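K.L.:
The annotation active site, phosphoserine intermediate is assigned in TrEMBL to Ser85. Annotation source TrEMBL lists Zn(2+) binding site at Asp32, Asp282, His286, Asp324, His325, His421. Residues or ranges marked as Mg(2+) binding site in TrEMBL: Asp32, His136, Thr138, Glu277. Annotated signal peptide per TrEMBL: 1-20, in sequence order.
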Amino acid sequence: MYCQGFALALACALVKGAAAVKTKNFIYIVPDGYGISSQVLARDFYSITNGEGTVAQPNTAALGVDNIVIGSVKTQASDNLVTDSAASGTAFAAGIKTYNGAISVNDDGLPVASVLEAAYLDGLKTGLVVTSRITHATPAVYSAHVLHRDSENEIAAQQIGKAHPFGRFVDILIGGGRQQYLPTSEGGARDDGVNLINWAIEKGYTYAADKSDFTEVQTDGKLPLPFLGLFTSSHLTYEVDRDIEKEPSLLETTKAAVDTLEDAVKDSDKGYFLMVEASRIDHAAHSNDATSHLHEILVFNEVMHYLKEYVDAHPDTQILSAADHECGGLTLIDGYDPTSLAKGQSSGEKAARSLEAYTGNDHAGLLRDTILPGMGLSKYTDETVEHLARKHASSGSEAVGRDLVERFAAEAGINWSTGGHSAADVVLHGYAGESQEDLRKEIGGFRDNTELPQYVAKSLGLDLAAATQKLRSNGTEWVQKRSMLTEIKKRANEAARAHSHESWLN
């Protein structure tokens, strides 16, 4: 529409204003550890294995997120060019730069409110859906405030409302991490003797321990609120290993959360804020496990495709997505063959666990007959099998699992430059349906990760500064002793430099 003259310009403004849809709901999706090469790998694999070209004559088609790229994001922490998930998560949850390891506290150790907390204070419904432990860094930055990410027992007590100044403020919590909610006497990791699951049930939460519970409590695809779903003791299983009878997929949990929140706000002028994390993209990259990495990315694309269609049907909803950082330094070199990954039917983590659980005395036979075929390895000899059996005897199951993923990547022509994070920028995806151009203008292009929650808050009419003031209104002693801060920062960066990661066998 071309506008000239005051009267006509005013009329045009009114028409444009009438056409604009106020944002009621916002969904932020975190593909943890996902870099641009991750998407290329998934796109090439999906296209070629579905008949779109070949390795020799490629003709790859777009996946779920490819058509909604709107920019790129800088990820560095306040104290390191290479961030961890805690510092970067704090940036896109609370809008501040902070040190590696920090969970929604600033460089001085003071709590800073997340966009989820601000949404709660403004009367919106809230939710967190992840495939990691629910107490892991990304869900934690939206729902807790501690000096270091490893304080997962404290994170659990805050996010469920027991030790948080706001009381209960998260309506849906879905992921793994049951161990942080149970005392050691009941097979958990809490040394305070508190059973937070029982506490949550007493406060009104409906609890689901597995897929059967998750399905049973639903009514027409909707969960009762508030809802707590902890399907495993630690992280959820990799998608490539997932038992579909025991654990729901990220797509299933996302759909249930979205349908539930949509129904909960249908008669209100207040909407909802939901954070969804494809957590284990990062874990697979830390492990340099190409098969697991691929399948986690494919599920992320499925989730994004579903959410894009949801926004088309719900124009009052926006989605934004960017990784917290790149992980693994994935490189796809000349001659790489993504179709090789079709042979992989299990993760290196599963291989390590199988070896660890084996009580027989023929480890070479287990490797040759079960583990190597399951991993998709084809180029091995009897000498290879014996080498792996000796490595198991000398170095343990996890060492063999890591050896196997390295061999598999080599067969496919896939290189990893690190077992840690990198300083690479990450891709920014966003979708707002008919308001897509407005979204591009507002938040597209090159951005710092601290700008993302500011955009979310502006879209929903939230006040992050006021939420922080409310959070601190009765003091900050509930966070942790700030006298520990210097030592915590030092240890966090030492761990980052060592590319530390969790054991596969925990």
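Quick reminder: no glycine exception, Cβ is built from N, Cα and C everywhere.
From a predicted model like this one, the values you see are computed outputs, not experimental measurements.
Give me the local environment of each listed feature.
P.N.:
Within the same chain, residues at least 6 positions away in sequence whose Cβ sits under 8 Å from that of Ser85 (active site, phosphoserine intermediate) are Asp32, His136, Ala137, Thr138, Arg149, Asp282, Asp324, His325. The secondary structure of Ser85 (active site, phosphoserine intermediate), as reduced to three states from DSSP, is helical.
Under the DSSP three-state reduction, His286 (Zn(2+) binding site) is assigned to helix.
Secondary structure from DSSP puts Asp32 (Zn(2+) binding site) in coil.
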K.L.:
For Thr138 (Mg(2+) binding site), which DSSP three-state class applies?
P.N.:
helix
K.L.:
Using C-alpha atoms only, work out the spacing between His421 (Zn(2+) binding site) and Glu277 (Mg(2+) binding site) and round it to an integer in Å.
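P.N.:
Pair distance, Cα basis, whole Å: 17 Å.
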K.L.:
For Glu277 (Mg(2+) binding site), what residues in its own chain, 6 or more apart in sequence, show a Cβ-Cβ distance under 8 Å?
P.N.:
Ile29, Val30, Pro31, Asp32, Leu128, Val129, Val130, Thr131, Ser132, Thr138, Pro139
K.L.:
Please report the three-state DSSP label of Asp324 (Zn(2+) binding site).
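P.N.:
The three-state answer is coil.
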K.L.:
Across all the protein chains here, work out how many other Cβ atoms are within 10 Å of the Cβ of Thr138 (Mg(2+) binding site).
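P.N.:
For Thr138 (Mg(2+) binding site), the 10 Å Cβ neighbour count is 28.
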K.L.:
Excluding Asp32, Asp282, His286, Asp324, His325, His421 themselves, which residues in that chain have a Cβ inside 8 Å of the centre of the Cβ atoms defining the Zn(2+) site?
P.N.:
Gly33, Asp84, Ser85, Ser88, Ile281, Ala285, Ala323, Glu326, Cys327
